[in-house]
Amino acid sequence: MSAGVIAKPALARKSMALRGTVRIPGDKSISHRALMLGGLAAGRTRIAGLLEGEDIFSTARAMQALGATVRKEGDTWIVDGVGNGALLAPEAPLDFGNAGTGCRLTMGLVGVYDFTTTFVGDASLARRPMGRVLDPLSQMGVQVTSAEGGRLPVALSGPKTANPVSYRVPMASAQVKSAVLLAGLNTPGVTTVIEPVMTRDHTERMLQAFGANLTVEAGSEGERIIRLEGQGRLTGQDIDVPGDPSSAAFPLVAALIVPGSDITILNVLMNATRTGLIVTLQEMGARIDVLNARIAGGEDVADLRVRSSELKGITVPEGRAPSMIDEYPVLAVAAAFAEGQTVMRGLEELRVKESDRLSAIAAGLKLNGVDCEEAPASLVVHGRPGGKGIGNAVGAAVATHLDHRIAMSFLVMGLASEHPVTVDDTTMIATSFPEFVEVMAGLGASIE
Ligand code: S3P
């Protein structure tokens, strides 16, 4: 349940065929980065399609506290930046609420400055490990104070001059990669990040677009070697944020499992580091047509037509995990309606998301009559085609643990299950997809 906000439970019930065309909100990862680089760069950045969710507002407030001007004019967000190297010391702790990406990337962005910045967040963020970002920042010369186990609240005091490092990212994490690169912006010389497994590359793309001298090279073992020259000039840009594939995933899976559905989702980001769920569902037999594939704002974008499908369980290749890391909760819901078993491995990172997602998914599935086996880094889901026996007839609620994606995933489950599905709280949905209930209702979903 939510800390400080009154929990708002909701119930989803078996719905008629979903129909219609929807536009989903802007990509969360790109929205955070657009505000950060816009706030840092010299001159004006105009952002269209920015996600207007709580996580992004936390980043916008942080950038204002660091000296940037952020405002909305019509549908466009206007950011006037301070110029690379010129962030100001914030007067109060930066409160990132539920936003892990905002918090970790800003730690990199401002941690190397020669002043002290304090980071706080909600109960979910305060449980999440920050050591993965604090370690490389310490190597760059940053003094770190944190609560036990490298957790929030964290205070960072940068050195007079930061050391450029060569850092091999020890886990598949775009946040860690990005934090080190952003720290490299205010560090003399070349900062190198070695990424053994490719993760979302929005930071690299956007840094190049703002004028940073950043190169990416393949190493002898297939690792990515990213080099950034520090203290270069960044110039404000016009950014068009495409729709978030991690949000599109909810109407998409809903349309697959609700019989007779036929929907179209417009303007979805199709960057290959983000499309693992679509590929996986297609392997399971999903009818997803990729329409109008195009490039917009330097990113691949397309419209998706999704029709209800008879899904079959598969073993999801472990190496695909980074390209669908936020989509496992909703994939588990699709798997619950598939014939046979779906095996998901390489899920250790799910334990440190907004909640321990692996245990939250398993508990929610079991509560709603779906057999599954949870192991430290894997999940096997035994499907019940047609949704027979799925749901909770007495209204017992799924525990969402302050996790927006757990809430949305289980509400999607209820749209095709025999019995309704209840979740204990929906307030956190506002962090990433504030219009979720309206968008789903517009397609014909029954969520109350
Ligand atoms: C994100 C990276 C991923 C993802 C998160 C957004 C980003 O986290 O789960 O929702 O924008 O860089 P990790 O870097 O921890 O895998």
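Even glycines carry a Cβ here, placed using N, Cα and C.
According to TrEMBL, the domain 'Enolpyruvate transferase' annotation covers 14-440.
Residues or ranges marked as phosphoenolpyruvate binding site in TrEMBL: K28, G100, R128, Q175, R357, R405. Taking Cβ-Cβ distances under 8 Å and a sequence gap of 6 or more within the same chain, the neighbours of R357 (phosphoenolpyruvate binding site) are Y328, P329, L350, R351, D403, R405, I406.
What TrEMBL lists as 3-phosphoshikimate binding site is K28, S29, R33, S173, Q175, D326, K353. For R33 (3-phosphoshikimate binding site), the same-chain residues that are 6 or more apart in sequence and have a Cβ closer than 8 Å to its Cβ are L105, S178, H202, T203, M206.
Counting every protein chain shown, the Cβ of D326 (3-phosphoshikimate binding site) has 25 other Cβ atoms within 10 Å. The annotation active site, proton acceptor is assigned in TrEMBL to D326.
Each residue contributes its Cα atom, and for K353 (3-phosphoshikimate binding site) and R128 (phosphoenolpyruvate binding site) these two points are 7 Å apart. Just so you know, the Cβ of R128 (phosphoenolpyruvate binding site) picks up 19 other Cβ atoms within 10 Å once every protein chain is counted. Reported as a whole number, the C-alpha separation between Q175 (phosphoenolpyruvate binding site) and S29 (3-phosphoshikimate binding site) equals 10 Å. S173 are the binding-site residues among R33, S173, R357, R405 whose C-beta comes within less than 6 Å of an atom of ligand 1, given in sequence order. Sequence-distant neighbours of S29 (3-phosphoshikimate binding site): residues of the same chain at least 6 apart with a C-beta under 8 Å from its C-beta are T101, A174, R200, H202, D244. If you measure from the Cα atom of S173 (3-phosphoshikimate binding site) to that of G100 (phosphoenolpyruvate binding site), you get 12 Å.
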